[in-house]
Amino acid sequence: MLPPVSSAGSVLIASMLAYLLFGAYCVQLATCSQTLDRGALRLLVHATTACLVLHLVFATHQAWKLLVVSPGNAEILDWPPKYTVLAIPALNGLLALLVQGYFAWRVWMVFRNGRLWIRVLIPCLIITTSVIQFGATIASTILVRRSLGKISLPVSLTNPALPSPKFRSMDGRFSDLFKLEAPIAIHLTSAVLSDALITGSMVYILNQYKTRTTFAETRSLLNTLIMNVIENCLITTVCAAANLISFFAGAPVLVAYAFQYVMGGL
């Protein structure tokens, strides 16, 4: 019987959160979608939904392999799955590019009465960081695929004597597993920066509108929108920052990777 992997609980929690976030997305999709939406916006929603469904399927497959299949194996576990483990970070990068691109467009449209250089600079920065984030996820995906091709799966989760000295057990340190510090660090850092830019710009724009209006009802509505932006965008920023900290702090692989289950749904 395999001894328990101490950090496997993070995968269970993250997979449950992924389902909760997908359910929240479905509720928003049902309540906010309108037949009069622009064709480009509807196409964006369809693409985002398809990516989220794939993301949830791959996360479920990985969690099943680790949490359900592993107790039945005596010595070894076929984890990580060679292909689904590559898909989730890439899907996260694509989802970030789609959603953050939409927010960049919204900032451009809403900030019409502000200074032109700010109206141009903020969306450009958001798009730039999103593209960098997506490119870093593709680069890390390619490097991980090459690394996985150099070892023989299944891989022991508990025995540190793996087939290659480049790899350790799944309770080892993230930076020791695939030696992908540069692309992963770029991916996580750009995610934090883009989320922080979106949060700050949306709060600033809504606050500017609030200071210009004299109607109490409008001010109350804008206060509600500001709080909604802070709650939603700040949660995403905090999660991205926690993922970045876990990477640089050398957290166990499963803890650091579990954040990827949640990031797509946020």
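Note that Cβ sites are derived from N, Cα and C of the backbone, with glycine treated the same way.
No curator has checked TrEMBL annotations; they are predicted automatically.
Here is what TrEMBL says about this protein:
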{"type": "TRANSMEM", "residues": "12-31", "note": "transmembrane segment"}
{"type": "TRANSMEM", "residues": "43-64", "note": "transmembrane segment"}
{"type": "TRANSMEM", "residues": "84-105", "note": "transmembrane segment"}
{"type": "TRANSMEM", "residues": "117-144", "note": "transmembrane segment"}
{"type": "TRANSMEM", "residues": "184-206", "note": "transmembrane segment"}
{"type": "DOMAIN", "residues": "191-259", "note": "domain 'DUF6534'"}
{"type": "TRANSMEM", "residues": "226-259", "note": "transmembrane segment"}
Open item on the list: Before we move on, state whether the transmembrane segment (84-105) and the transmembrane segment (184-206) share at least 3 Cβ pairs under 8 Å, counting only pairs 6 or more apart in sequence.
Closed with: yes
TODO: Using DSSP, break the domain 'DUF6534' (191-259) down into helix, strand and coil residues and give each count.
DONE: 62 helix, 1 strand, 6 coil
